[in-house]
């Protein structure tokens, strides 16, 4: 086991602060409509120019191990916020830095870190409740377009395309982002279905960069039971191999020698195959398998049909134009089912929704309806250069996630205004414990920082702006950093998804609070690599 080195107390906190500052200072320059670009060096290919906070954060590794610990924790804030809400990564990073910096001042003045953290957590809960009160539901296309435009770094073209996509597939439909072969960014809508089951083995992956298994024109075997014995599968595998087409297996599970054999044959290139677990459970699983069968024109091989796996023919298998499987989801695009059968199935599910009394059943039926009727929208992103394409694709990805978040939890005024207004609720809190009160004050002050940073990046003084807007009763009243004017943010179309703002604050407070309670840092002492002596002359290439 490698030897460790340790630092304690103030020295540890100083190291953490240095790490937080290095990462946050690189990320926060991208915040707001006039945020700056960051250029990232790549080992292969051209450098990437980006204004996406999480892309910048992911690239940062620091040489000092203690500083790097802090940087990795802040990176986690950005990544987690991006995963959950799709946007707000820079805001989350800025808030983490602000909460940690203010918290260190409290600790240096003798406050108990545990009580300070409790105060921070209490304040965050109050602000989240306040955000819910400020939040408004998304009612029309205009708001969807505004959210998408802002999340795509104020690009109205992307905003319009995403609004079109949401309109065509609905809020429950699937929107994927791909690279276009031309310089144009276009929207394609394809009938399709997605369910939340990923590949059973990463060895099925065909695109290592995206960690996806992509099957073009595959056959689809839909089986209700587990597959453990490869002999059961062999007849259908042999038939599929003769057609030279890939195969997607959807079953309760594929395990043991059956899975091992599929993996080996896939790696050797004998058969392009991918196995996934069937979606749902119990009777609902049977219904979902039937949905997939109708969509793809196949037969769901269920126990009550009395068909054995060995006797399955090619005409019982479903077909599709394309199947994309990642570690969490399977998307079937262009199912070759009979349109009349699909329509009849949709009507059947609609009738079930009308007659069911259970809210849970209704929700699950609506999910199935969306999967059958929604389809898949593909946004093909185009640009003049590879560097611009990568940057634009990142922005479109962000905007799609943020738009879905807006539909889910509603919208609040943007530009850092919502969190600033919500923090006013903390003024009414009377906390007897002085250390907890300090924690509440820390969050109140931190909530001003995103607004200040947006203004600073646009060349304005944030403190002056806060003084001008703080006493105005209209919660939507704020500062448009793009034009330098004071406006009603919602009317001006400057809005953020509530989920983005909420997630950014919760994640920032969680990590910053955790770092404040740290008293000791432990890192490995790196051993010096000894240079190996050169090989003997004349015999260097010989094996013995």
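Each residue, glycine too, has its Cβ placed from N, Cα and C.
A 10 Å cutoff on Cβ-Cβ distances gives residue 88 (ATP binding site) a total of 32 other Cβ atoms nearby, all chains included. Annotation comment: Swiss-Prot describes 30-33, 51, 87-91, 415, 480-482, 496 as ATP binding site.
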Q.
For a quick check of packing: other C-beta atoms within 10 Å of the C-beta of residue 51 (ATP binding site), how many?
A. 20
Q | Number of other Cβ atoms within 10 Å of the Cβ of residue 496 (ATP binding site) across all protein chains | A | 29
